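Since the structure comes first, as structure tokens, the remarks are kept for the end.
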Amino acid sequence: MDLSGVKKKSLLGVKENNKKSSTRAPSPTKRKDRSDEKSKDRSKDKGTTKESSEKDRGRDKTRKRRSASSGSSSTRSRSSSTSSSGSSTSTGSSSGSSSSSASSRSGSSSTSRSSSSSSSSGSPSPSRRRHDNRRRSRSKSKPPKRDEKERKRRSPSPKPTKVHIGRLTRNVTKDHIMEIFSTYGKIKMIDMPVERMHPHLSKGYAYVEFENPDEAEKALKHMDGGQIDGQEITATAVLAPWPRPPPRRFSPPRRMLPPPPMWRRSPPRMRRRSRSPRRRSPVRRRSRSPGRRRHRSRSSSNSSR
């Protein structure tokens, strides 16, 4: 009896120990699953930390390269983006998770594209700057060259020696103008047009030509706004006419044909007349028919006689 009781106690103890061991230590398959999950989480964390660190490094590098040289920034950013994508793919393959590698590739490619686009848009290449500067310099330098050429072509304008005097009364004559304007210098010519119907009356204006332009300037200064016969007059300078170029413009009018003579105008009238007999031809046929009848009637009458 004692042995059976001892055996029962020992069996009960073994069962309790098995229960404790089952509660304390999980199965080896569960341990493996948990270890795999932990390793995946660690690899994901490592991949994200590496991506963030690589992005920060890439941004710092691009900023430094932009300040150093704008032309080499685009090429270097491309190389950094390719290296970052290669490192991200290596981390993804080591971890064995396809989702993390795809996300790292897309992130690195987007960052590299944004950095390259910002660098290209923000700072233009030095070649473009030089080209723009050349264009601006050329556009600025062209107008003064044209002005210089025009100045060389243009001769200095001669000073006027002729003065136009307006708003004269009809009582003023050439002698009066000669007396007044001879005080300012030697007068070369006085032109005072007269009305056709009343030759003793002037049209109200005159031209006075001096020998020197300085004398004409004196007359303009003193007599513009002065009074003659109780009325204010106007004195203005008359510019000398420019020498005209040789008459090349007269060639087109010479090419114009003169009006045709009378004998050339007659043929179209003859043509018009030629159309009219065709219209009158049936009328003539009708007119001939009664004559024939008359002849026949006469012949018949003669035969009867």
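Quick reminder: no glycine exception, Cβ is built from N, Cα and C everywhere.
Taken from Swiss-Prot, the feature compositional bias 'Basic residues' applies to 1-10 (among others).
Per Swiss-Prot, the feature phosphoserine maps to Ser53 (among others).
The compositional bias 'Low complexity' annotation in Swiss-Prot covers 68-126.
If you look up Swiss-Prot, you'll see 127-143 (among others) marked as compositional bias 'Basic residues'.
Taken from Swiss-Prot, the feature compositional bias 'Basic residues' applies to 151-167 (among others).
What Swiss-Prot lists as phosphoserine is Ser155 (among others), and the listing cites similarity to another entry.
Residues annotated as region 'Necessary for interaction with PNN and exon-skipping' in Swiss-Prot, with similarity to another entry given as evidence: 156-242.
According to DSSP, Ser157 (phosphoserine) is assigned to coil rather than to any helix or strand. In the structure as shown, the Cβ atom of Ser157 (phosphoserine) sits within 10 Å of 9 other Cβ atoms. For Ser157 (among others), the entry in Swiss-Prot reads phosphoserine.
Counting only same-chain residues six or more apart in sequence, the Cβ atoms lying under 8 angstroms from the Cβ of Thr161 (phosphothreonine) belong to Lys188, Glu209, Phe210, Glu211, Asn212, Pro213, Glu215, Ala216, Ala240. Annotation comment: Swiss-Prot describes Thr161 as phosphothreonine.
Annotation comment: Swiss-Prot describes 161-240 as domain 'RRM', evidence class sequence analysis.
Swiss-Prot lists Lys218 with the feature N6-acetyllysine, giving similarity to another entry as the kind of evidence. In the structure as shown, the Cβ atom of Lys218 (N6-acetyllysine) sits within 10 Å of 16 other Cβ atoms.
The feature compositional bias 'Basic residues' is assigned by Swiss-Prot to 266-298 (among others).
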Between Ser157 (phosphoserine) and Lys218 (N6-acetyllysine): CA-CA distance (Å): 19
For Lys218 (N6-acetyllysine), the three-state class that DSSP assigns: helix
